[in-house]
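What TrEMBL records for this protein:
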{"type": "DOMAIN", "residues": "16-268", "note": "domain 'Protein kinase'"}
{"type": "BINDING", "residues": "K45, D157", "note": "ATP binding site"}
{"type": "ACT_SITE", "residues": "D139", "note": "active site, proton acceptor"}
{"type": "CROSSLNK", "residues": "K141", "note": "SUMO2 cross-link"}
Amino acid sequence: MSRFQRILPPKYLNGYLFEDFLGKGAFSSVYKATNIQTRQKFAIKIFPKSNLKTIKDQERFQHEIDSMSLFKCDYIVKLHGFFWDTNNFYLVLDLCEGGELYDYIIENDKLGEATAALVFKEIAIGISYSHSFGVAHRDIKPQNILITEFPNIKITDFGLCGIIESSQLMNGFCGSPTYCSPECLTRQQYDGRLSDIWSMGVLLYTMVVGSPPWNTTSSANLLDQIFADNIQYPSHISKLCRSLISSMLKINPFERITMDEIMNHPWLKIAHFSPSKNENLNPAQPLFTIPEKPLALLELDRSISCSFKLHSEHGIVPPFGISKSDSASNPNQITITKPNLPCLARNGRPRKKCTSVGPMSIHSHSMLGIPLMTSQLNCLKPK
């Protein structure tokens, strides 16, 4: 099957009624679905097993599952469940019926600054939240910002995310070139958090101008334009907005504004949305709070280890390696290892001693709302 071929699910599967086709990516198709028992609406992302041919593909799929099951933030798409059959994996996700921010920008030319400030603040909170868990997104772009009810959003697609370690930088190019940081484009070692801030700068420019600051699809020309360090702003862009964008788009990553400084930037005080075309640009009080300090990688591991619980009434065996804690004081703790995805040699053929994922029947597991971190790390809704 071609990676770009639309996947057609059955009408009913594992307690879900599949409805409208919402879209597709390089690895998956997404459908609107209803839980038959609860009548709750979800988006179900379908990954054909045949598309996960390489170790890199498998790792990307694993990253997406790990990150979405770990986070509990209003501005990040949540994983509600996971099941599979003979041919596909199925991820049950938040339904964002407003579509992609990318399409909204195309249809509306651009966002007014007061609305853009509100949307951008939610994006900043979500990315700050992921950074506090030791995870850099590494693919921030309008296509990965989904609209719930405009102007509220959720960040999706953590498939390219990287783990932040204090003593180790990240390697290799990943993400979309237009939104990718110069250190990543030139394949230098880089700090994923600082690279995310660059991408947020390109994203904000695109939101308020209607197009990215670079007008080329050529990698060589893109680097030339970035290193020319001469971004042009239309006259309607305010000085404060230019100030914030410029502070994120510093060539030297260590000169970029920090996430805390972004959240306290005076431009974000205009965050406001009005359905009318005449937006209220009067300053308002900050609407959100964010996590203050990044968490140690140890805390990340601890969180992942307790982020899953399984349906046990029918002895369901998930595609993850599961082991009960030996501790008598905490007999219900579950340790998660990587899913038993097909292990492939570099020639694409299965390695020995590898088994396919799960038996022929459908299995599932779902999140039961285990608290992951202390209350101060909870992502708060606008007051």
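Just so you know, glycine gets a Cβ as well, placed from its N, Cα and C.
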Rounded inter-Cα distance in Å - K45 (ATP binding site), the residue listed as 'SUMO2 cross-link': 19
Intrachain C-beta neighbours of the residue listed as 'SUMO2 cross-link', sequence separation six or more, cut-off 8 angstroms: Y102, G175, S176, T178, Y179, S199, L203
Other CB atoms, at most 10 A from the CB of the residue listed as 'active site, proton acceptor': 20
Inter-residue C-alpha distance, D157 (ATP binding site) and the residue listed as 'active site, proton acceptor' (nearest angstrom): 8
Mapped DSSP class for K45 (ATP binding site), helix or strand or coil: strand
DSSP three-state assignment (helix, strand or coil) for the residue listed as 'active site, proton acceptor': coil
Cβ packing number for K45 (ATP binding site), 10 Å threshold: 27
D157 (ATP binding site) in three-state DSSP notation: coil
